[in-house]
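Below is one structure, written out as structure tokens; comments come after it.
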């Protein structure tokens, strides 16, 4: 059975400042670097064979730190990018106008084809994330890949594997450097295809982004 591990990037400067990142970028904080190092220790123990990451800077840096710990090369896949938040990227959440907050709410509340102007819908993100995940089926037998991606993108992926709409991602708590696992099973008795084994595990972190619950 193929096991694929899903990791959200470490905490970034804009996470800490409550800015909208999307496909724009900000560097990892000191805490984010430490979180990635703790994932690296876990990845080494798990026997990770491949590290595949979004090509955005914060995920690349997280993947590089993990790769140093488990001796893997880093492969870039732009399908693992975060949801494109269009014209709201780089904005502080507290500065959104009523109209702009309405766009954001339409997106996260599942309004059909809801999106920020010049951005993506959650269904579009889900489709490309599934493409990246399904590519793991072509890896050599015995592979144990780890994908480094983003909070909303991973939430859309996990939600739709569970048979829920992509916007159900808001019901998942995938903190910075949390680890989720999905398995590909083929069974005459159980549902064939991808199944969710764990979601949002932070047991490997000494400070699992508790501040996210307080902001």
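Each Cβ is built from the backbone N, Cα and C atoms, and glycine gets one as well.
The shown structure was predicted, so the numbers you read here are calculated from the model rather than taken from an experiment.
Annotation comment: Swiss-Prot describes 9 as active site, tele-phosphohistidine intermediate. Other Cβ atoms within 10 Å of the Cβ of residue 9 (active site, tele-phosphohistidine intermediate) number 30 in total over all chains. DSSP gives residue 9 (active site, tele-phosphohistidine intermediate) a coil state; it is part of no helix or strand.
Cβ environment of residue 82 (active site, proton donor/acceptor): 21, 22, 23, 54, 56, 149, 150, 151, 152, 153 lie under 8 Å away, each six or more residues apart in the same chain. According to Swiss-Prot, the feature active site, proton donor/acceptor maps to 82, an assignment based on sequence analysis.
For 8-15, 21-22, 58, 82-85, 104-105, 151-152, the entry in Swiss-Prot reads substrate binding site.
The site 'Transition state stabilizer' feature in Swiss-Prot is assigned to 150; the stated evidence is sequence analysis. Using a 10 Å Cβ-Cβ cutoff, residue 150 (site 'Transition state stabilizer') registers 24 neighbours.
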Between the Cα atoms of residue 83 (substrate binding site) and residue 9 (active site, tele-phosphohistidine intermediate), what distance do you get, rounded to the nearest Å?
14
Residues that sit under 8 angstroms from residue 8 (substrate binding site) by C-beta distance, when 6+ apart in the chain:
148, 149, 150, 151, 154, 174, 175, 176, 177, 178
